[in-house]
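Peer 1: Got a structure here, written out as structure tokens. Questions coming.
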């Protein structure tokens, strides 16, 4: 018999029902569960797939450059970044009538186009790209890298080039390589690009390969470096009247510590950014020489971890046994990587708007809103994934004998205390925050707004003041003009920083009040509840009082049959599944808060947020309802406009979201009966019954239906908000 899908599981391949297809797709990437898998093949498969992943990323970024060069308006945007709308790509749609063609022909284009809200124009402009030819060159280079990655992935699957398991488990060499080789060298290379190409570009000097060796980025070249006069590189920075991309008001400094923002572009000084990357490069190049490899010097990871025992002896054996536990568990390593990456992605969302690095991006409001929302949602998914793989580690890889009384074992021993603390924190935050909101709602409804309970966030205001914000009247640290902290930084970065913190036209340290206090605690509720569900799922993954043998059932099981009541819904996968809903809910509150506060800031009516955000009706009426008017107006009696695509996507997003409930609420029996009815009708319908199937159609399993429901819920939820966000922001600010 010919091999049927899935080849990696002969047991599944012989399943006579459609379960074969869905289970095959579901377990395609779970290499550990495949037939004849060895540890060596497992590591090699994952290693090769990383190259495939890189190839896809390079292809995607190449596509961005290529389409903007081919169909965009980069060169005209460069001439006037604040008034020309950047084009992502053309739209070819046979359904477009004349009104649609007119509505979507924008940004100086000849036909219908999509506007770019990704910030790539600002990014490319900042790093020194100026012409379509530059973009094509970049696209071709990335295409070349993509091909190289594919070849490398294929190569490392060939017998002669397959790395051994010992190579994959050489933690010190990998750390040194990643720290020095990837972070250190790439940061140094990026500093080089900024100094040699981007900074001259910002001063009207066009540097390419043909004049790369002729243009000195600094008049004295490397002289100050070798004579120890490094401070010369910071002298004569760009002036506050500098026009970006021209020599007007330009200086000669390349590595500065000015602080604050370039007055015209409203972004960080490019010379500050170069200095930052040089410092990072230095730190990581040093860090990558700390671990012992072939030369017998430096730290051994195992020794470091074994030495980490708490003093006094009352807190167990610390990190003993962790080295082998982590080094032999791919899920533990992935969990750590995802946890770190998730936090970093959320920090990127925060810093991209508060400390914008790209020229003119701060004045492109829709792009700012889109990038913040995009990175926060991605951070949410990555962080929940960290806990999922933590739970899989506990089920598949955790060895109690190896970890006796160390931090992992003690986490499991104290899980009741950990869960109950998270529980009371969530209950406290939930009831108090909702109580305050609802009280304020009732006061507004009864016409006595002065009876609201409004709490000033004085601790947060004090922290902002300590960083130099003077409007609250706290005379402390950097907001006090006669303190040592103020005097120490006065001659370098401080004036620029203080100017930025106290200027109300940017997003650095926004003024906060009672509305912020409430929504901050609502978000804290969401974060703690999500964490509670995820932590409980991981800590109970091996077993609980209710089901002590849970680990024998694997990561995702629906129930243990009718014989053991109450075993449904308690697999580690179920915890992940429930947590994703809470995660989406939380990121929803985060993005609503960010967007509403910024809309009022950009429109100059901050009082609307301050007055309406203290009660729930204010959020529903003055944020959601008021700002969805543009969406509902995409089609009107006068025809259509450029928001109609978002209006359609808003409706379509709701449809996808609602479809999720169809899978989440009804279970297998209903679908099985429906499928059998459909199969009966199919077999009795002329022409249709010429099409036969080999697999008996069966309903999705409980776990699969939940996954499909969750996927629709998540995609619909994000689609709906994306359309709302982009339409309401671009509708107001063009």
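For all residues, glycine too, the Cβ spot is worked out from N, Cα and C.
Since this is a predicted model, take the numbers as computed values, not measurements.
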Peer 1: In Swiss-Prot, which of the ranges 620-642, 643-665 has the transmembrane segment annotation?
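Peer 2: From Swiss-Prot, the annotated transmembrane segment range turns out to be 643-665.
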Peer 1: Which one of 369-395, 450-476, 477-503 shows up in Swiss-Prot as transmembrane segment?
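Peer 2: Comparing 369-395, 450-476, 477-503 with Swiss-Prot, transmembrane segment matches 369-395.
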Peer 1: Short question: most Cβ pairs under 8 Å with the transmembrane segment (369-395), which of 175-199, 575-596, 707-727?
Peer 2: 575-596
Peer 1: Which one is it: of the binding-site residues 559, 568, 662, whose Cα lies the shortest distance from the Cα of residue 671 (phylloquinone binding site)?
Peer 2: 662
Peer 1: Taking residues 6+ outside the transmembrane segment (330-353), which of them lie with a CB under 8 Å of any CB in it?
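Peer 2: Non-local partners: 42-43, 46, 119, 361-362, 368, 371-376, 378-380, 382-383, 385-387, 389-390, 392-393, 396-397, 507, 594, 598.
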Peer 1: State, in range form, which of 46-69, 175-199, 273-291, 575-596, 707-727 has the highest count of Cβ pairs under 8 Å to the transmembrane segment (517-535).
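Peer 2: The listed stretch sharing the most Cβ pairs with the transmembrane segment (517-535) is 575-596.
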Peer 1: Which of the binding-site residues 654, 662, 670 has its Cα closest in space to the Cα of residue 559 ([4Fe-4S] cluster binding site)?
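Peer 2: Nearest candidate: 670.
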Peer 1: Same chain only, please: residues at least 6 beyond the ends of the transmembrane segment (575-596) with a C-beta under 8 Å from a C-beta of the stretch. Say none if there are none.
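Peer 2: Tertiary neighbours of the transmembrane segment (575-596) are 353, 369, 372-373, 376-377, 379-381, 383-384, 387-388, 391, 516, 519, 522-523, 526-527, 529-530, 533-534, 536-538, 540, 609, 613, 619, 623-624, 627, 706-707, 710, 713-714, 717-718, 721, 725, 728-729.
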Peer 1: Could you name the stretch, out of 46-69, 135-158, 273-291, 707-727, with the greatest number of CB pairs under 8 A to the transmembrane segment (175-199)?
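Peer 2: Going through each listed stretch, the top one turns out to be 273-291.
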Peer 1: How many neighbouring Cβ atoms, not counting its own, are there within 10 Å of the Cβ of residue 568 ([4Fe-4S] cluster binding site)?
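Peer 2: The answer is 13.
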